[in-house]
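> Take a look at this one; I'll ask things after.
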Amino acid sequence: MSEADQKPVIIHTDGACSGNPGPGGWGAILKFGDVEKELKGGEPHTTNNRMELLAAISALEALTRPCSVDLYTDSQYVKNGIGSWIHNWKRNGWKTADKKPVKNVDLWQRLDAALKTHSIRWHWVKGHAGHAENERADQLARDGLTENRMKSRVK
């Protein structure tokens, strides 16, 4: 069966941050046919952009074999980074047009590695606009933020 014949894995991602920077969380929903998996996590001191990236990375890294993927994000940062900026960053040695180091380069490089493994079609959706899966991913991200905040208080 060719990749074009494969049913795609559908992924919805979101990130959340309380303060920016501050504690953050990320969430992702992966669907393949009738199978669905939810992922979430967080960090004690991060930014919203890092959480948006980590949601996409974590979802793609959870796939156990090369897949055809439709990935939905409400992040303009992720959309523009993957659709436009990353090509020039790589060509410029991970520097911006202003010759400054790319922010979040560690995560962009992980996402770039996932691009080599999977065939990904990127889709942008407006956040908080009633897209059911985006709202679920947002709730997972907020849950990840809350759980991480509680863990950091217990330590």
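One is the number of the first residue shown, and numbering goes on along the chain from there.
Cβ atoms are placed via backbone N, Cα and C, with glycine included.
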> According to Swiss-Prot, Asp14, Glu52 bind Mg(2+) 1; so which of Asp34, Asp70, Asp74 is the extra one listed there?
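Among Asp34, Asp70, Asp74, only Asp74 appears alongside Asp14, Glu52 as Mg(2+) 1-binding in Swiss-Prot.
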> Under 8 Å Cβ-Cβ from Glu52 (Mg(2+) 1 binding site), six or more apart in the same chain: what's there?
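Once residues fewer than 6 apart are set aside, Glu52 (Mg(2+) 1 binding site) is near Thr13, Asp14, Gly15, Trp26, Thr73, Ser75, Tyr77, Val78.
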> Would you list the other residues of this chain near Mg(2+) 1 - those whose C-beta lies within 8 angstroms of the C-beta centroid of Asp14, Glu52, Asp74 - in sequence order?
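Not counting the recorded site residues, we get Thr13, Gly15, Met51, Ala55, Thr73, Ser75, Val78, Gly127, Asn134, Ala137, Asp138, Ala141.
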> Counting by DSSP, what is the helix, strand and coil composition of the domain 'RNase H type-1' (5-146)?
60 helix, 46 strand, 36 coil
> How many whole Å apart are the CA atoms of Asp74 (Mg(2+) 1 binding site) and Asp138 (Mg(2+) 2 binding site)?
10
